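Structure record follows, encoded as structure tokens.
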Amino acid sequence: GNETASCTCPNTTICKVFQKGYILLYPFNTEYCLVCCSVLYVMWKNVGRRITHDHVPHTKPKFKLQGVVFGPLLGAVAVIIGICVFMMYQIQATGSAPSRQIFIIYYSYYIVLLPLMSVGAVIGTIIHALEKRELDTLKNPTRSLDVVLLMGAALGQIGMSYFSIVSLVATSPMDLLNSLILSYSVLLIFQNITQNVFIIDGLHRQHFIAATEARHTGHAGQHTVPSELPSEEETMTSSGQEHTQMSPDKEEETKEQNHEAYDQRRVSMLELGQEIRKVSLSYIQSYSNQSWKRRALREISFFLVLCNIILWVMPTFGAHPVFENGLEKSFYGYSTWFVIVNFGLPLGVFYRMHSVGGLLEVYVTA
């Protein structure tokens with residue numbers, strides 16, 4: 001449809017916007033259809049389904065950023081570098097044919113990031129194995145569908161990587177760019193497998209019960225807050241006593257009002273500082289009260305969430321080096337490689353988006 005519009009459509013600004021916008025919105029259309037199919041499947045499986053009261057959780061876990069430090073920092077660094085690489089690639093791709101150097105930078109970014117993600121997923125899986133949490137064997141259509149979608153959507157990137165490996169091994173794998181693409185394809189397969197194992201294992205674990213920790217932090221907050229309140233009251237009462245001892249002249253009354261306004265501002269600043277101090281103390285306390293296993297799982301999950309977001313953004317908004325580098329296209333032919341990319345690329349984009357949802361659930365339940 002896009003090619004037909006660019007034959008028949010005159011050379012105007014509206015037609016160019018439509019041509020570029022259609023390409024950018026194509027992955028969203030595919031994701032929308034996949035999400036609708038998933039939701040309809042879950043609705044169909046839950047028709048007439050009843051859950052006993054024993055299996056209903058009393059407290060639902062909520063998303064909180066407390067207890068994570070290194071995961072957001074490393075993930076933010078990966079996102080910032082990825083955005084810079086993506087902008088450099090897009091400038092090259094829109095201006096003219098992408099140069100060999102930009103392909104080297106693009107694949108080098110992936111070669112550095114994918115092993116970090118794989119190592120994090122492997123460590124998280126080992127921590128799951130060391131935990132004493134039992135497996136949740138309750139039949140859950142939503143969780144079963146999540147597992148199927150993760151494994152099915154991963155076939156898109158695994159398939160493209162497999163065909164890339166075959167073409168590169170058969171041609172010239174010793175070339176620098178070919179070696180980078182070959183390493184990227186192998187690491188991508190390994191990263192998808194390790195991440196799927198980590199997410200699926202985390203989804204099948206029972207939730208942590210953090211009631212005792214919440215009670216402990218509540219008692220700690222009750223003990224810390226009253227000990228600091230008398231200092232504020234003392235400052236307010238002492239300032240009031242000082243003002244009552246002054247002479248009742250008008251000039252001194254105006255000075256007294258100014259002093260009172262100043263004292264009120266000082267008390268408000270003290271209250272603000274105290275609130276900031278209490279928030280920071282509660283954050284540090286919640287971080288220290290968690291076990292090292294829970295902290296590690298949260299750090300890894302949040303890091304993988306940010307990494308999957310940037311790996312979703314780059315192919316969704318136009319970075320397609322698997323088709324633009326010309327290596328696989330020259331080996332398989334234009335039509336064959338075009339079919340492979342159109343099959344694998346939307347599934348790869350959907351896989352990153354669906355992985356973010358699974359990793360967030362692992363983070364919340366950890």
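Cβ atoms are placed via backbone N, Cα and C, with glycine included.
Residues annotated as transmembrane segment in TrEMBL: 23-44, 65-91, 103-127, 147-170, 176-199, 300-319, 331-351. TrEMBL lists 216-261 with the feature region 'Disordered'. The compositional bias 'Polar residues' annotation in TrEMBL covers 236-247. Here TrEMBL flags 248-261 as compositional bias 'Basic and acidic residues'.
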Positions whose Cβ lies under 8 angstroms from the transmembrane segment (147-170), at least six residues beyond its ends:
34, 38, 178, 181-182, 184-186, 188-189, 192-193, 196, 199-200, 203, 322, 327-328, 331-332, 337, 340-341, 343-348, 350-351, 354-355, 358
May I ask whether the transmembrane segment (300-319) has at least three C-beta pairs under 8 Å with the transmembrane segment (103-127), counting pairs 6 or more apart in sequence?
yes
With the greatest number of Cβ pairs under 8 Å to the transmembrane segment (23-44), the stretch among 65-91, 176-199, 300-319, 331-351 is 331-351
The transmembrane segment (176-199): which same-chain residues, six or more beyond its ends, come within Cβ distance under 8 Å?
100, 103-104, 107-108, 110-111, 114-115, 117-118, 121-122, 124-125, 128, 150-151, 154, 157-158, 160-162, 164-165, 168-169, 300, 304, 325, 327, 351, 355, 358-359, 362
Under an 8 Å Cβ to Cβ limit, what residues of the same chain, 6 or more beyond the ends of the transmembrane segment (331-351), are close to it?
26-27, 30-31, 34, 149-150, 152-157, 159-160, 163, 167, 170-171, 192, 312, 315-316, 320, 322-323
